[in-house]
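Pulled from Swiss-Prot, these are the features on record:
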- SER2: phosphoserine (MOD_RES)
- 80-120: repeat 'WD 1' (REPEAT)
- 130-170: repeat 'WD 2' (REPEAT)
- 174-213: repeat 'WD 3' (REPEAT)
- 217-260: repeat 'WD 4' (REPEAT)
- 265-305: repeat 'WD 5' (REPEAT)
- 404-444: region 'Disordered' (REGION)
- 432-444: compositional bias 'Low complexity' (COMPBIAS)
- 446-484: coiled coil (COILED)
Amino acid sequence: MSFRKVVRQSKFRHVFGQPVKNDQCYEDIRVSRVTWDSTFCAVNPKFLAVIVEASGGGAFLVLPLSKTGRIDKAYPTVCGHTGPVLDIEWCPHNDGVIASGSEDCTVMVWQIPEDGLTSPLTEPVVVLEGHTKRVGIVTWHPTARNVLLSAGCDNVVLIWNVGTAEELYRLDSLHPDLIYNVSWNRNGSLFCSACKDKSVRIIDPRRGTLVAEREKAHEGARPMRAIFLADGKVFTTGFSRMSERQLALWDPENLEEPMALQELDSSNGALLPFYDPDTSVVYVCGKGDSSIRYFEITDEPPYIHFLNTFTSKEPQRGVGSMPKRGLEVSKCEIARFYKLHERKCEPIVMTVPRKSDLFQDDLYPDTAGPEAALEAEEWVSGRDAGPVLISLREAYVPSKQRDLKVSRRNVLSDSRPTSAARPAAPAPAAPAPAAAASSSLSGAGEAGKLEEVMRELRALRALVKEQGERIGRLEEQLGRVENGDA
């Protein structure tokens, strides 16, 4: 494994990961053991969903984020599938809607109650039937409302209008083998896919055409994945011919050679990439690994810059990633992962260390919000639009609320003589120290204290006398000036 050791300037160089305390984990969850390389976990600012083991069908758990600690075995699940659930994903435009794909060849879309489940949810809002083999991939369109993509082991990609349960597009001739994953581009005009035939394809779903293809993007036989980046480039993970895990960056305009190719190690778990378009950081989580590596993607060679590795003791069965709008910006949190162990889910917080308490504009540019940019019908008609952006500044809460304190000091508490006495009123100035001295005496009752107060009193009297004489001289000079004698 060879990472570049050249020190380069980056605000993400010191990003560090930290697991939360045990009482903030989700304990006693029976994570699914099904053989499939999906994340098994989906999370949004309201809910955490985890695919779990279930007898007699498929199920997944939906928990409010605040429901940490031990999860009772009788806690209600979403359990309408007749076969194991393989993939789940929250709708980006509605935090209460989640889609699931299953071995029973169906896609189901569910509406989760506002406060979470109080009883098992068996009735989906809509059932989408069109695949002839198990459905291993479901992914929502990033900007068009109610548009959902599903891909099955029948090598078919279907695109649905969930609002009408209508099949919009069927792409059944572009993939000759099992589809490992699918990823939309930023505005949802194209998607890329990774296939068992070792090819990465870029596809226009509305025309049903192949825009670009790279055969043998990674030469190894193990699963690979491909995701679109914000600038249109494609990031892939896979294996070399010698079964070493690899990362690569591709320019869709020229797929002949990768812009960058890095080898990581010789572990055999599939690498799951998670991309943050706001920071251009890619987090790579290996199934069965106990680490999360992260890289910054830039326009400068070598393009993929290794930042750091978060390592823990337990291997991960799956990982979910919180959308940017669900992070705590006041703590400089730039990513949060939900790591699945065999029996629990552990949040891991990625933080950029900053000294200032102020909102960090450079870490939090405007990000994709929950509002859809298009309706399904507009997208079908050929319109494209980027995500509707929101500012995270309103979510910022200062970590330290400082109270204003005004301190008024008694002139006698300072041992040094002060020239702050009022020169215009020398007569009443003398009794004031005497009263203060009397008060100090009654409180202190010590001879030393009395002597100190008397010294201060004498100094103040001398000061008052001096100021009085000075005022007299000034008045005398003023009189001569007015009389024209000066």
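Including glycine, each Cβ sits where the backbone N, Cα and C put it.
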Problem - Tertiary contacts of the repeat 'WD 2' (130-170), as residues 6+ beyond its ends and Cβ separation under 8 Å - result: 36, 38, 83, 86-93, 99-107, 109, 176-179, 181-184, 186-188, 191, 193, 203, 205-206, 208, 368, 372-376, 378-380, 384-388
Completion exercise
Averaging pLDDT over all residues of the repeat 'WD 3' (174-213) gives 98
Practice task
Take the repeat 'WD 4' (217-260) and find every residue of the same chain, 6 or more past its ends, with a Cβ under 8 Å from one of its Cβ atoms.
Solution key: 37, 180-181, 183-186, 190-194, 196, 198-200, 202, 211, 266-268, 270-273, 275, 277, 280, 282, 284, 286, 295, 297, 301-304
